[in-house]
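Engineer: Right, I'll just put the structure down here and ask away after.
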């Protein structure tokens, strides 16, 4: 371990294996907190490479509680958080809408670290059981089309890094690992990142982790597809990364100011999302969710973004997605 940390002190990059070894030690609670802080700081200042991120993610997945992985195509739709904009819970809402459009989604999330209301805060407010067993969660994906995996239940070892992270009060590699360590191991993923500098490296990381099809996005300051500006996309298809830019017009929607999709605390967000999923959402709110569902649908082979967007809007207006929220709340 000393050799690995010394390598970081010299601003040298670790191999995937070395990174996996380092994070394995962290997750098992075997690394001295001072050395852990030093390693996390050195990685941050140097800038984490796809090899280092993939190695860390593999270490966390190897130490996670097991999950009965489906053998069909299924996805996660998730943002790193930390974009500082406190928008409504777009990816969580999009998960239900995507399921109502016929996709399978196993969403991995946590309580909010930076925004007023993280995905689990919202689900909690709808009465959805966050401590659902792995078996019940799997049957929800099978039968309802959507389920939620609560990170602490599967990744108990992350607690060993918590005091160090809280004391450091700065972003570390852990801030980007969450979306990469879904214990269900989906083969399709739409991941939003808080900085456009992360788009390409995270796509390269996903390629190393064997994703079948995925897209990493940054939307003009947001960790999701934007309706207030351009969205930078790095999409993995057939083992190759394609980079392109999308505008609201590509989805057939109007441009809206960021203020139009501001969120609040869990109760306010619950009211907004309930309206959205029962046909009472504003045009901006409907568009914001629909463009994210549309890109996720593309990853399942539905290539027409405008048709996908319209289907997502129709599903929200029909109330079909809200029925899935209720079903998941009754599930277990």
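Note that Cβ sites are derived from N, Cα and C of the backbone, with glycine treated the same way.
According to Swiss-Prot, the protein carries these features:
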- 79, 82-83, 87, 89-92, 107-115, 119: 5-phospho-alpha-D-ribose 1-diphosphate binding site (BINDING)
- 79, 110: anthranilate 1 binding site (BINDING)
- 91, 224: Mg(2+) 1 binding site (BINDING)
- 165: anthranilate 2 binding site (BINDING)
- 223, 224: Mg(2+) 2 binding site (BINDING)
Engineer: Reported as an integer number of Å, what is the Cα distance between residue 87 (5-phospho-alpha-D-ribose 1-diphosphate binding site) and residue 223 (Mg(2+) 2 binding site)?
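Structural biologist: Given the Cα positions, residue 87 (5-phospho-alpha-D-ribose 1-diphosphate binding site) is 10 Å from residue 223 (Mg(2+) 2 binding site).
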Engineer: According to DSSP, which of helix, strand or coil covers residue 223 (Mg(2+) 2 binding site)?
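Structural biologist: Its secondary structure by DSSP: coil.
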Engineer: Could you find out if DSSP has residue 79 (5-phospho-alpha-D-ribose 1-diphosphate binding site) as helix, strand or coil?
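Structural biologist: Going by the DSSP assignment, residue 79 (5-phospho-alpha-D-ribose 1-diphosphate binding site) falls within a strand, counted as strand.
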Engineer: Fill in the CA-CA distance, residue 223 (Mg(2+) 2 binding site) to residue 79 (5-phospho-alpha-D-ribose 1-diphosphate binding site), as an integer in Å.
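Structural biologist: So the Cα of residue 79 (5-phospho-alpha-D-ribose 1-diphosphate binding site) lies 5 Å away from that of residue 223 (Mg(2+) 2 binding site).
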Engineer: Here are the binding-site residues: 108, 165. Which has the lowest count of other Cβ atoms within 10 Å?
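Structural biologist: Result for the binding-site residues 108, 165: minimum number of other Cβ atoms within 10 Å at 165.
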Engineer: Need this for a regression test: binding-site residues 110, 165, 224, filtered to those with Cα within 10 Å of residue 91 (5-phospho-alpha-D-ribose 1-diphosphate binding site). What's left?
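Structural biologist: 224, listed in sequence order.
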Engineer: In whole Å, note down how far the CA of residue 224 (Mg(2+) 1 binding site) lies from the CA of residue 108 (5-phospho-alpha-D-ribose 1-diphosphate binding site).
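Structural biologist: Counting only the Cα atoms, the answer is 16 Å.
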Engineer: Starting from each candidate's C-beta and looking 10 angstroms out, tell me which of the binding-site residues 87, 91, 110 has the most other C-beta atoms.
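Structural biologist: Top count of Cβ atoms within 10 Å goes to 91.
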Engineer: Rank aside, I only need the closest one: which of the binding-site residues 110, 165, 224 has its C-alpha nearest to that of residue 79 (5-phospho-alpha-D-ribose 1-diphosphate binding site)?
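Structural biologist: Going through 110, 165, 224 one by one, the Cα closest to that of residue 79 (5-phospho-alpha-D-ribose 1-diphosphate binding site) is 224.
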Engineer: In sequence order, which same-chain residues at least six apart have a C-beta under 8 angstroms from residue 224 (Mg(2+) 1 binding site)?
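Structural biologist: For residue 224 (Mg(2+) 1 binding site), the qualifying residues are 79, 87, 90, 91, 192, 217, 288, 292.
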Engineer: Measuring Cα to Cα, how many Å separate the residue listed as 'anthranilate 2 binding site' from residue 110 (anthranilate 1 binding site)?
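Structural biologist: Answer for this pair: 16 Å between alpha carbons.
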Engineer: Measure the Cβ-based neighbour count of residue 79 (5-phospho-alpha-D-ribose 1-diphosphate binding site), defined as the other Cβ atoms within 10 Å of its Cβ.
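Structural biologist: Looking across every protein chain shown, the total is 28.
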Engineer: Using DSSP, would you call residue 108 (5-phospho-alpha-D-ribose 1-diphosphate binding site) helix, strand or coil?
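Structural biologist: The residue in question, residue 108 (5-phospho-alpha-D-ribose 1-diphosphate binding site), is strand (DSSP, three-state).
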Engineer: Please give me the CB contact count at 10 A for residue 223 (Mg(2+) 2 binding site), counting all chains in the structure.
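Structural biologist: A count of 27.
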Engineer: Which of the three DSSP states, helix, strand or coil, fits residue 87 (5-phospho-alpha-D-ribose 1-diphosphate binding site)?
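Structural biologist: DSSP call for residue 87 (5-phospho-alpha-D-ribose 1-diphosphate binding site): strand.
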